[in-house]
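Novice: What follows is a structure written as structure tokens; I'll ask about it next.
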Amino acid sequence: MNSSSCDRSFGPYAEGCRGGFDFTLLFEESILVVPITALLLLAAPFRATYLLRKHSVKVEHSYWLYCKIILCLLLLASQIAFLVCWTQSPVVTTKASLPAAALSIVASITLLGLSYVEHVYSYRPSTVLNLFLLFSVLFDATRTRTLWLQGYNRPAAITALISTVVKILMLSAETIEKRGFLRPEYRELPSEVTSGVFSHWFFSWQLPLFRVGYSHDLEIESLFPLEKHFKSSYLQTLLQTAWAKAPKKGDYDLLLVVFKTLKRPILFIIFPRLCFIGFTFCQPFLISATLSWAEKDADSNDMNQGYGLIGAWFLVFIGLAVTTGQYQHLTVRATTMVRGQLISMLYDKASDLSITAANPTAALTLMSADIERIDSGWRTAHDVWANLIEIVIAVYLLGRQLGLACLIPVGAAIFSIVGSVIAVSFVMARQAMWLEAIERRISVTSQMLGSMKGVKMCGLSEVLGTRIQAMREEELHISGKFRRLLIWNMVLAYLAPIFAPVLSFMTYSLLAQSQGGRGNLDTNRMFTSLSLFALLQEPLASFVTSLSSFMGSVGSFVRIQAFLKTDARTDDRIIQYNGETEHSLISGVSSSEEKHPVSPIQESMMKTEPSGDSPDGNAFVIRNASFGYDRNETPTLSNIDAIIPSGKLTLVVGPVGSGKSTLMKALLGEVGIMQGSVHASNSTVAYCDQTPWHMNGTVRESIIAFSRPDERWYQKVLEACALKQDLTQLPRGDLSNIGSRGLVLSGGQSQRVSLARAVYAQKSTIILDDVFSGLDAHTENAVFNNLLGSHGILRDLNTTVIVVSSRVKRLPYADHIICLDGTGTGCVQGTFDKLNESDNYVSHSDVSSPDGARSKAPSSGPASSSAPVPESSAAALAELDMELTESKKDGAGRRSGDVAIYMYYMNAIGWIPTMVFVLAICAYIFCQSFPTIWLNWWAAANAKEPFTRLGYYLGVYAMLGALSIIFLVLSTWQMIVTMVPLSGNNFHQSLLKTVLNAPMSFFAATDAGTTINRFSQDLQLIDMDLPLSALNTFATFVLCIAEMILIAVGSYYTAIAFPFLLATLWVVQHTYLRTSRQLRFMDLEAKSPLYALFTETVTGLATLRAFGWRDALEKKHHELLDRSQRPFYLLYAVQRWLTLVLDMIVTIIAVLVVVLVTQLRGKLPAGLIGVALVNIIQFSQHLKLLMTFWTTLETHIGAISRIKSFTSDTASEHEPQEKEQPPSVWPSKGTILFDQVSAGYKESEDVLKNISLNIEAGQKVGICGRTGSGKSSMVSCLFRMIDLHGGRIIVDGLDISTIPREEIRTRLVGVPQDAFLIDGSSVRLNADPAGGLTDAAIEDALRAVELWDIVTDNGGLDTSIEELHLSHGQRQLFCIGRAILRPSPIVVLDEATSSVDSRVDELVQRLVRERFSNRTVISIVHKLQSALDDFDMVVVLDAGKLQEIGHPQELLAKGPDASTFASMYQSVATEKKEDK
């Protein structure tokens, strides 16, 4: 056929022309030119209209725009010239030539207009133009080649060549980013947003990140900012709106709503996933075509077809690389959005919970563990349906090769799928049990870490350590059932891919043999089928794991939905506004004064609120109301009628457990109103909880919080709350960090910082729930006078102040008093004088009304006569040192790994279990890989004599499959069931031991959330993610080595490239890991403050809602979540870059092998070529898996690194000399000698200075002093919680510096200021943590502290302690009851009666006299009357020095001029008598 006739036919192949390796001209013009041009002409108007209507000008005019215009004009000129050439050509024009040329001219004009609009109105390169120009260049190049080969119309060929070159230049120009030309407001957009389609395909937008990460330490601020659709506020609004409209009737409503709100990003994943499937199943056809071509006679003149095969392999593998990267990256984008939505919703819901329903641990588990499972499940969700499609296609193609034998893998697949679906339900149930066990352990651990001073003082370290370790062992035991199910699931997943080829080849061979030998298993059929089995294996295994992972995420969705459907707190109050604005700043404080910078969060709070005056002149009015925490139970308080007058001081008093705190929470709307009503003049008030609530931050941040910053007002508040002198002792003053829950602060300081926050907020109403209990009398007088005296700042502001107090000495100064009687029914109210006239709690208080009490302020001098001892400054200094150390350590180690970490991991497991695992994996991989060689031998034997020794070849093949399953189960069992409990127990024990042995300065300097992360997130990684990563990484590593060997066997010259391949892989991995490790560290670090804020919010719900800070905290949460999303998203994004690069490397290997096949035709056996090509397909998959598993392992091994650093870097409080074991009866008497004792935190300044004191057996000793004088330090020294720098302490003849510290703490009895009870545990366990006491003994102790009736009313000793709903004072009484049960002759009370009223204080003193009559008692006292009446000796401390010592009556007799104790007593007595 001549060329002219050939090109006028449709073709598509030009048979007989140009070597048969070309398309016809008609086909090229009608299929390659016209359609793509028509698509441009259709798309361009819509795109241009959209940009002009929806977008503003984004790019400044520049030379680059003019370059694009010039290129467009050149293209138009070349297209016109091309049309002219066609019209002048007498030959070889087709019926499509002129229409195609004319359309191209129109397209050139369209390109000119669209290029201008895209350049000016879009901040990214045009996707429409880039795609059109890309395909147009490829298709035009094909047509240009045809024209050159024709040779009939050289001018047309030249103009076509010029047009193609111009399009290449246009494509280059349109591809370049416009960031340098963007207007200033758009230049900070994320790199991904401003990148073009090719940058997205090949992830080149990440290269700046790799450059910085390779050579520098990355910071979150240096990462790409989030684009709009990832912003948590946007995502929350999106989900919240849809969730509000959802019916919420089914278990999966939340899942459906999330899908509805993110429908577009989720559905966009489908197209690249389908393209990936298409490219994947091109591979068997390429193998078949390559083997057929290789088996032909080497003299055949068809080398062009060989070149075509090279091009086909290249295009298919490039297509696989791009589509893999795109569908995985789009999946990560959708997953990131889901994460942002759910975490935002969880926080929003948590901030709406009632205070009784708020469980920090349960909520945090949802935010951490469940969100992680959803993340994992959603990243594989699209694989579930895609794997089914892949299975169907693979089976169909197998049917074309093996006939009915293809039904074997179908049956195997159905068996695997059905078995997996059945197993998934059991997996979910076991997983839920495991998560609950984790939650229980973390709850107890978190509580212990938050109260370490109480734990150590009570001698509970060993008891709690044993209990928590037992919970850990129980947790691992429960998880064992889950792990065994995972192995069963894995066996189901691998049975089909391993045995399907065996059974299929056997069935095919037997059928072919029975049919007379038709369809012999030759090389082509064997290896084409084997490639299909390889492609079938991946979706079969992936389907099972993806389905399991997705169903696990569905279970987490159900758990989160249940949480979101939890009843929110209901504010039953009636809020009445009068339209006035709240009072302004105090007089003399000008808004023009110098202020500290205002954060965006603080700006959101700079608004006025309605006044505190209701229409009837009262701040609150309670009318016949009943309050309770559970509407289905008896009210805690009932029939309450009371008023809170506006602008007055109201005191709420009553016995311990009478419901004072409940009444305050009712005023805040935190407790349900079962009947009656509460009228409030304002929805927000300043509130100080009985247990001070603090967020982790500086003193300044804690006080100012979200109020308007004003420096003069701030300084005035510090002075009023007697904090200035405390701040001078902190290393950074008010910029010192106070730690989690204010751990760095002493009890009194914590209460005063909380009080300062309430005063600073300048709310019209302040509620103070027993905030003076932790202050010494002198400091209390000063603070009370400064705030509530006749000229106190709260009086000047006309603030409504409600004070709950267990001390009645302030009653005469109250304008109004509400008195609860302890029965829970009714109350009395009125002025002090009025209440004194009737029979009630006030009249029984024996407090008289001095003249002018309410008009005259209690007199007091400064809060302290000398600077307080810096008891917490050492902790703050330790914190500073730790921050610097961690910073240096992180900077040095983030970008690189450490082989020592892997050694540390293996040591925790044991070398023998590790070697068993390694040998089992190697055996498994051998049995997996060798069958390829075996099949080559079988095919070669079949070629010589069909069906020869069929049983022999099938039997060995089946045996190898069975052995691979056996070794797979053995290796997986060894890792998941045997090695995980070993490492899990060892690491937890190391962490727990480190924490229990850590000094108190560690807990002051280290955020509790960071330590909890070691016990939760890191151990979770070690329990599941790390072992699976290690298993997958090592197995895939050995498999890749085996496949490289097989590729080299099949195409031995390829082995020459392997060293270069390995070097390239090392460079890529090295470059990648230096960035990915940092991103992983940043991901974990960014989660810690997010989790910390979540926990702080849940524990401080009453406070933050009272202040009206919910919105401000939610804004802060959005900022932290957005900060967390950046490394989270980019970590997965850089993994996609790595996947793409690896795919490119595999593409090079595949092309190299095919090039060798074509160039060495006839020299390579077809069977070995098949071995090489099949293994290339598998190597492509496994190399990506290896690098993914390896990088995942490298990030997961960070958990081991952090634990290793934590255990090695955390100092132990124990000293080498502390080895002496005291006699079992020690101490037997109770004598204590302080001999010139100086003590402090490690190398810090002494907080006790040269203390000498002798306490005889049975003496009752009271320790007095101003706040910060060293009282708690003296107790801490006795319990060895601070270190001796000089001197010694002798207890019953033994120097305690030689005795193990925990031994001392278990031999002495300590009652801490903050009562420590183990929530979630029974009353019996809390009363008798060590066990061994009878129920009668426990009952006797609880009766003594008047708590037995509460215990019996709630179910007895086996009732959980939190079900008793003990008040703060009752919790202290419980601890005293626990002290009664311990027989030690030494009892130490650290302000144990700070939160009880006078009656209970008298009860405690009576118990000291009666139950501790033969014991030595050391008590820190603030109530000096108690020291006068109940103690044999008083020790007065000042600035860490022993000021004086003696019998209280003797010291008092010396008079205030000669005695510090007498001076302190007189300063209190001159105002008001103490309680009796």
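Note that Cβ sites are derived from N, Cα and C of the backbone, with glycine treated the same way.
Among the features that Swiss-Prot reports, ATP binding site is placed at 654-661, 1265-1272. As annotated by Swiss-Prot, compositional bias 'Low complexity' applies to 855-870. Annotation source Swiss-Prot lists domain 'ABC transporter 1' at 622-847. The domain 'ABC transporter 2' annotation in Swiss-Prot covers 1232-1464, and the record cites sequence analysis as its basis. Positions annotated as N-linked glycosylation site by Swiss-Prot: Asn2, Asn624, Asn682, Asn696, Asn798, Asn836, Asn1250, Asn1414. According to Swiss-Prot, the feature region 'Disordered' maps to 586-615, 842-870. Sequence annotations record features per position, and here Swiss-Prot assigns transmembrane segment to 23-43, 64-84, 97-117, 266-286, 305-325, 407-427, 485-505, 906-926, 950-970, 1021-1041, 1045-1065, 1167-1187 (among others) based on sequence analysis.
Quick one: how deep are these features, and who are their neighbours?
Specialist: The 10 Å shell around the Cβ of Lys660 (ATP binding site) contains 27 further Cβ atoms across the protein chains shown.
The average pLDDT computed over the domain 'ABC transporter 2' (1232-1464) stands at 84.
In the three-state DSSP classification, Asn624 (N-linked glycosylation site) falls within a strand. Sequence-distant neighbours of Asn624 (N-linked glycosylation site) (same chain, 6+ apart, CB under 8 A from its CB) are Asn639, Ile640, Asp641, Gln675, Gly676, Ser677.
When Cβ atoms from all protein chains are considered, those within 10 Å of Asn682 (N-linked glycosylation site) total 24, not counting its own.
DSSP classifies Asn696 (N-linked glycosylation site) as coil under the three-state reduction.
According to DSSP, Asn798 (N-linked glycosylation site) is assigned to coil rather than to any helix or strand. Note on Asn798 (N-linked glycosylation site): other Cβ atoms within 10 Å of its Cβ, all shown chains, come to 14.
DSSP assigns Asn1250 (N-linked glycosylation site) to a strand in the three-state reduction. Around the Cβ of Asn1250 (N-linked glycosylation site), the number of neighbouring Cβ atoms within 10 Å comes to 14.
All protein chains considered, the CB of Asn1414 (N-linked glycosylation site) has 10 other CB atoms within 10 Å.
Within the same chain, residues 98, 101-102, 104-105, 107-109, 111-112, 115-116, 119-120, 156, 159-160, 162-163, 166-167, 169-170, 173-174, 176, 178, 181 sit at least 6 positions outside the transmembrane segment (64-84) and bring their C-beta atoms closer than 8 Å to a C-beta of that stretch.
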Novice: Cα of Asn798 (N-linked glycosylation site) to Cα of Lys1271 (ATP binding site): how many Å, rounded?
Specialist: 37
Novice: Whole-number Å only: compute the distance from the Cα of Asn836 (N-linked glycosylation site) to the Cα of Ser1269 (ATP binding site).
Specialist: 37
Novice: Take the C-beta pairs under 8 A between the transmembrane segment (1045-1065) and each of 97-117, 305-325, 407-427, 1167-1187. Which stretch has the highest count?
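Specialist: The listed stretch sharing the most Cβ pairs with the transmembrane segment (1045-1065) is 1167-1187.
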Novice: Between the glycosylation sites Asn682, Asn696, Asn1250, Asn1414, which lies closest to Lys660 (ATP binding site), Cα to Cα?
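Specialist: That would be Asn682, the closest of Asn682, Asn696, Asn1250, Asn1414 to Lys660 (ATP binding site).
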Novice: Check Asn836 (N-linked glycosylation site) against DSSP and tell me helix, strand or coil, would you?
Specialist: helix
Novice: Is it the case that the transmembrane segment (305-325) and the transmembrane segment (485-505) touch, counting contact as three or more CB pairs under 8 Å in which the residues of each pair are 6 or more positions apart?
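Specialist: Since fewer than 3 Cβ pairs under 8 Å link them, the transmembrane segment (305-325) and the transmembrane segment (485-505) do not come into contact.
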Novice: How many neighbouring Cβ atoms, not counting its own, are there within 10 Å of the Cβ of Ser658 (ATP binding site)?
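Specialist: Total other Cβ atoms inside 10 Å, all chains included: 24.
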Novice: Please work out the number of neighbouring Cβ atoms within 10 Å of the Cβ of Ser1269 (ATP binding site), leaving out its own Cβ.
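Specialist: Step by step: centre on the Cβ of Ser1269 (ATP binding site), count other Cβ atoms within 10 Å, giving 26.
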Novice: Between the recorded positions Gly654, Asn1250, Thr1267, which lies closest to Asn696 (N-linked glycosylation site), Cα to Cα?
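Specialist: Given the candidates Gly654, Asn1250, Thr1267, the nearest one is Thr1267.
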Novice: I'd like to confirm something. Which of the glycosylation sites, Asn682, Asn1250, Asn1414, has a Cα closest to the Cα of Lys1271 (ATP binding site)?
Specialist: Asn1250
Novice: Tally Cβ pairs under 8 Å between the transmembrane segment (1021-1041) and each listed stretch (485-505, 906-926, 950-970), then give the stretch with the top tally.
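Specialist: Stretch with maximum Cβ contacts: 906-926.
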Novice: Which of the listed recorded positions (Asn696, Asn836, Thr1267) has the least company, meaning the fewest other Cβ atoms within 10 Å of its Cβ?
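Specialist: Fewest other Cβ atoms within 10 Å, among the recorded positions Asn696, Asn836, Thr1267, is found for Asn836.
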Novice: Name the one residue among Ser658, Gly1265, Thr1267, Ser1269 whose Cα is closest in three-dimensional space to that of Asn1250 (N-linked glycosylation site); these are the binding-site residues.
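Specialist: For Asn1250 (N-linked glycosylation site), the spatially nearest of the binding-site residues is Ser1269.
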